[in-house]
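What Swiss-Prot records for this protein:
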ACT_SITE  H54  active site
BINDING   Y57, K96, D500, G537  ATP binding site
BINDING   E98, N538  Mg(2+) 1 binding site
BINDING   S99, H100, N101, H102, R121, Q245, E317, S318, Q319, S540  substrate binding site
ACT_SITE  H100  active site, proton acceptor
BINDING   D122, D273  Mg(2+) 2 binding site
Amino acid sequence: MSLMLEPNPTQIKEERIYAEMGLTDEEFAMVEKILGRLPNYTETGLFSVMWSEHCSYKNSKPVLRKFPTTGERVLQGPGEGAGIVDIGDNQAVVFKMESHNHPSAIEPYQGAATGVGGIIRDVFSMGARPVALLNSLRFGELQSPRVKYLFEEVVAGIAGYGNCIGIPTVGGEVQFDPCYEGNPLVNAMCVGLINHEDIKKGQAHGAGNTVMYVGASTGRDGIHGATFASEELSESSEAKRPAVQVGDPFMEKLLIEACLELIQSDALVGIQDMGAAGLTSSSAEMASKAGMGIEMYLDDVPQRETGMTPYEMMLSESQERMLIVVKKGREQEIVDLFEKYGLAAVTMGKVTEDKMLRLFHKGEMVAEVPADALAEEAPIYHKPSKEAAYFAEFQQMKMETPKVENYKETLFALLQQPTIASKEWVYDQYDYQVRTSTVVTPGSDAAVVRVRGTEKGLAMTTDCNSRYIYLDPEVGGKIAVAEAARNIVCSGGEPLAITDCLNFGNPEKPEIFWQIEKSVDGMSEACRTLQTPVIGGNVSMYNERSGEAVYPTPTVGMVGLVHDLKHVTTQEFKQAGDLVYVIGETKAEFGGSELQKMLHGKIFGQSPSIDLDVELKRQKQVLAAIQAGLVQSAHDVAEGGLAVAISESAIGANGLGATVKLDGEATAALFAESQSRFVITVKRENKEAFEKAVEAIQVGEVTNTNEVTIHNEENEVLLTANVDEMRKAWKGAIPCLLK
């Protein structure tokens with residue numbers, strides 16, 4: 001498009017062209033008032049993208065303020081590229097999670113790949129070296145050909161980018177439910193390590209300092225990607241493939257090394273990734289955070305397509321690009337540094353004192369807008385909220401224990417449910433050992449990565465049972481945080497903090513906004529009780545297809561500190577003769593459970609309950625026992641209940657089984673999904689010390705029979721299952737469905 005064809009300010013207003021860009025009538029009137037005139041086409045584009053939900057959080061900010069964001073270890077909370085938490089010895093962990101849902105629904109390979117690329121840039125823009133990747137994925141049922149295609153391509157995209165860039169993908173989760181059929185969720189998390197003195201901010205300080213563009217050249221890909229992420233998917237979304245960016249992991253690898261070298265230079269003032277909204281967000285946010293302005297000369301932007309307009313250059317979301325501010329007079333050092341890596345670094349502007357973002361192109365000023373208006377002054381909406389109609393109905397339901405005829409068959413069927421089944425098909429495509437720091441590989445409760453040069457490790461996990469959150473957003477929100485912490489503890493780590501990715505439907509629908517409010521209330525309470533502040537995250541709204549929303553899915557990414565790698569604990573049984581303990585009581589709680597979904601084809605009723613004080617007490621006891629060397633294996637009891645947890649601990653071991661006795665009604669004892677429960681094994685000689693330290697019930701012992709046998713309290717056998725057969729069923733389920 002040439003400049004001749006761009007509508008003039010009067011046309012933009014009279015023909016409501018701003019509405020096509022995503023601005024409401026009221027918002028356009030606000031822009032007019034801020035500028036004291038009608039905006040031109042480029043300026044309208046700047047406001048439309050910066051005031052989108054994806055960039056401004058205008059619908060979610062009032063809710064996000066409820067999160068606890070401070071703590072004695074928190075060095076950087078929400079507001080920068082990623083959050084930072086102190087781990088002692090002058091070191092810190094940097095991490096964040098983001099969504100790439102809409103792009104992945106349209107172009108799954110590139111959508112997932114660029115989601116990984118973007119989150120890596122957020123972490124190294126803080127000055128940290130990325131050391132691990134995780135992902136949390138949601139798809140429809142694998143029986144659908146479209147879902148199979150999305151699943152295979154998303155996993156290939158994550159693998160393709162992560163493996164090429166040389167950062168191990170060490171963990172995550174994949175869940176399958178019909179509500180994600182047309183709108184998969186792809187949440188990527190990156191974890192990095194940094195020394196305190198190397199922490200950098202995305203701020204443009206110092207009038208007269210130079211603004212430079214580094215990395216890949218700018219094309220027309222991803223224009224309006226942020227606006228696209230702020231609307232519902234529809235049949236016409238397929239036509240928006242151009243809004244999906246294309247990634248180059250080899251370019252990003254060079255960019256990481258160049259930027260980490262740059263961070264050691266005192267010439268650098270500020271650095272930010274050109275993520276959602278590209279040059280617009282990076283320039284406006286860096287200026288606004290520093291209380292400064294920026295002037296940019298767009299003719300100097302490296303362009304890979306001809307005839308690009310200022311509008312296109314400012315809104316492009318081409319990948320592998322960073323905006324940096326350097327001390328005036330030091331530009332050549334930066335050019336030389338990036339040239340060494342074969343990357344472009346060009347001067348394209350300067351920092352000013354007047355807080356304005358000014359853009360020049362072909363000798364003319366093409367935009368003049370207050371930086372704060374773009375970055376900080378988006379309207380904030382307090383959306384109407386209304387309790388979902390189904391909620392009262394579910395709360396009043398009298399829940400009956402599901403009828404199960406054959407316990408062994410039911411266990412095998414549960415092990416083959418895609419949400420429970422082995423995800424080896426997924427993680428075998430990821431290089432999870434690159435950099436040789438991975439201590440606990442995918443498949444256990446949490447991954448653990450060594451902190452080089454120390455005896456410490458970082459435990460990390462992603463968790464969210466969206467079925468519970470759909471049934472009861474507040475309780476489900478508590479459970480999401482508690483389960484993440486439980487997984488960290490089972491791996492020998494002390495939970496530190498969380499990043500979140502709030503995936504919801506259309507916030508303009510009061511029942512959806514109610515889900516958002518309630519789940520954030522639950523998560524906030526859990527974060528306060530478990531002392532895991534929220535240090536950053538991402539909101540992804542409008543996850544709907546043809547008016548049907550996905551389950552509310554506020555994914556929790558948590559990192560914990562393993563104080564000594566000797567404490568690392570995994571879920572599989574270690575040796576015959578060890579004692580098996582269960583911590584926590586089992587109630588007949590089946591709402592949202594894997595058994596309920598399998599038997600009824602839907603979920604209903606009340607979610608499992610949780611008492612956060614009890615949760616904290618149990619986690620502290622388990623962690624102390626692990627740190628005292630009393631624990632052989634630890635596994636959190638989650639989907640599928642105790643029978644599945646015990647089976648998973650046997651499947652992961654070589655030739656070991658277990659004989660256990662469970663009290664209470666058999667179906668609940670085996671398959672209920674009550675919270676705050678652990679399966680722990682302990683050496684016989686540590687029995688007394690363990691029982692003194694932890695409130696736990698001994699239920700049996702590990703055997704070398706290669707069978708799991710579960711009795712009831714009358715000592716009648718409820719089921720006996722061969723571990724090899726279980727392993728085969730559990731490992732074969734997903735590959736079988738993909739055939």
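Each residue, glycine too, has its Cβ placed from N, Cα and C.
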> By a simple count, how many Cβ atoms lie within 10 Å of the Cβ of G537 (ATP binding site), its own Cβ left out?
Replying inline: 24
> How long is the line from the C-alpha of the residue listed as 'active site' to the C-alpha of E98 (Mg(2+) 1 binding site), rounded to the nearest angstrom?
Replying inline: 11
>> Between C-alpha atoms, which of these recorded positions comes nearest to R121 (substrate binding site): Y57, K96, H100, G537?
In response: K96
> Nearest to E98 (Mg(2+) 1 binding site) by Cα, among Y57, D273, E317, Q319, G537 (binding-site residues)?
Replying inline: G537
> Among the binding-site residues listed here, E98, D122, D500, which has the most company in the form of other Cβ atoms within 10 Å of its Cβ?
Replying inline: D500
> Which are the residues of the chain, Y57, K96, D500, G537 excluded, whose CB is within 8 A of where the CB atoms of the ATP site average out, their centroid?
Replying inline: L64, P78, M97, E98, T499, C501, L502, V534, G536, N538, V539
> Taking each of the binding-site residues N101, Q319 in turn and counting other Cβ atoms within 10 Å of its Cβ, which one has the fewest?
Replying inline: N101
> What is the interatomic distance between the Cα atoms of K96 (ATP binding site) and D122 (Mg(2+) 2 binding site), given in whole Å?
Replying inline: 8
> Within the chain of Y57 (ATP binding site), which residues six or more apart in sequence place their C-beta under 8 angstroms from its C-beta?
Replying inline: L64, V539
>> Quick check for the class: what is the C-alpha distance, in angstrom and rounded, between N101 (substrate binding site) and D122 (Mg(2+) 2 binding site)?
In response: 18
>> I'd like to confirm something. Which of the recorded positions, S99, H100, D273, E317, Q319, has a Cα closest to the Cα of D500 (ATP binding site)?
In response: S99
> Checking the binding-site residues S99, D273, E317, Q319, which are within 10 Å of N538 (Mg(2+) 1 binding site) at the Cα level?
Replying inline: S99
> Which entry in the list of binding-site residues, S99, N538, has its Cβ near the fewest other Cβ atoms, using 10 Å as the limit?
Replying inline: N538
> Around E317 (substrate binding site), how many other C-beta atoms are within 10 angstroms of its C-beta?
Replying inline: 30
